[in-house]
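*Asks:* For reference, TrEMBL lists these features for the protein:
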| type | residues | note |
| --- | --- | --- |
| TRANSMEM | 72-96 | transmembrane segment |
| TRANSMEM | 159-179 | transmembrane segment |
| TRANSMEM | 191-214 | transmembrane segment |
| TRANSMEM | 229-252 | transmembrane segment |
| TRANSMEM | 264-285 | transmembrane segment |
Amino acid sequence: MTERRQNVQGWECVKSEGPPPFITHRLFRHADGSIREWLSRKHRKNLIAREIGLAEAVGKLLIRSLWMPRELNWWIGSVFALGASLFAIASIFSLAPDLAVSLSLTGSQVNAIYFAGSIPFTTAAYLQLFQAANAGALPDEDPEQLGRLNVFGWKPASVGWLSCALQFAGTILFNFNTFDAMLPSLSWFQIDLLVWIPNFLGSILFLASGYLAFIETGHRYWAWRPGNLSWWIVLINLLGCIGFMISAVLALTLPHSTAPWRETLSVAFTLQGAICFFLGAVLMFPETVREESLSES
């Protein structure tokens with residue numbers, strides 16, 4: 001797939017690719033012959049052009065990237081990590097009720113921890129959507145035509161923006177799901193209506209969002225790029241989405257159900273999903289580093 005358009009600065013798109021119908025990778029050539037590579041994820045998140053490997057990220061960059069409050073990506077990763085931590089803590093208490101009792105925590109209080117965790121998830125998801133909605137101009141576009149700041153934006157042709165939008169919608173459903181779980185004395189039908197349905201729909205949106213982020217980074221419907229940090233982030237997050245989806249399927253409440261293993265397994269997959277999202281969030285820190293940090297490593 002090839003696009004050819006040129007702006008007043010002299011940049012022309014000479015090559016574009018991605019999983020149809022999306023474009024996730026472009027090459028631009030300037031009138032002076034220089035070449036610039038454009039990658040969808042790096043563009044919407046304002047990341048450096050050079051690829052960072054997992055070993056480099058963990059071995060050299062993780063410690064120095066733990067405090068970068070001037071970077072929006074750092075805040076997104078930090079808030080996601082907070083939400084995932086609260087989900088993991090609540091899941092551990094659910095799987096080990098004796099531990100919860102030893103800390104004088106009731107079931108409603110454990111559910112409140114889930115709800116508390118859903119708030120950072122929604123906050124981080126919105127920050128990510130806001131970032132994607134206000135991504136800069138492409139090299140062959142006129143920056144002055146971008147217009148004013150967008151609160152949500154509307155870029156359905158952008159796989160990155162679409163991924164962020166679906167995830168944000170999913171987190172809102174998780175807000176309802178976790179809040180309703182705190183309501184007392186619900187019947188099995190009320191649990192399914194108020195708790196399970198938002199959980200199930202939110203998990204579907206998360207799964208779709210995670211896969212879109214995966215193909216955005218790999219530029220294919222399936223890609224194996226273990227030497228690339230961004231690929232690891234989206235893969236780990238996708239595994240977290242799969243965990244949440246399995247958890248939601250198992251969480252369906254049936255009348256006169258006598259299968260406690262389903263609830264236990266559902267919570268276990270929630271824990272797995274939370275751990276994956278925590279790891280993916282932490283790996284966003286080294287992904288955020290600037291060129292000067294790389295030159296010092």
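Using the three backbone atoms N, Cα and C, a Cβ is placed for every residue, glycine included.
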*Asks:* Are there residues at least 6 beyond the ends of the transmembrane segment (159-179) whose Cβ is under 8 Å from a Cβ of it, and what are they?
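*Replies:* Answer is 18-19, 22, 24, 40-41, 43-44, 111, 114-115, 117-119, 121-122, 125-126, 128-129, 131-133, 135, 152-153, 194-196, 198-199, 201-206, 208-210, 212-213, 215-216.
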*Asks:* Near the transmembrane segment (72-96), which residues from the same chain, at least 6 beyond its ends, have a CB less than 8 A from one of its CBs?
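*Replies:* Same-chain contacts beyond the flanks: 45-47, 65, 103, 105, 110-111, 113-114, 116-121, 123-124, 127-128, 131, 264, 267-268, 270-271, 273-275, 277-278, 280-285, 287-288.
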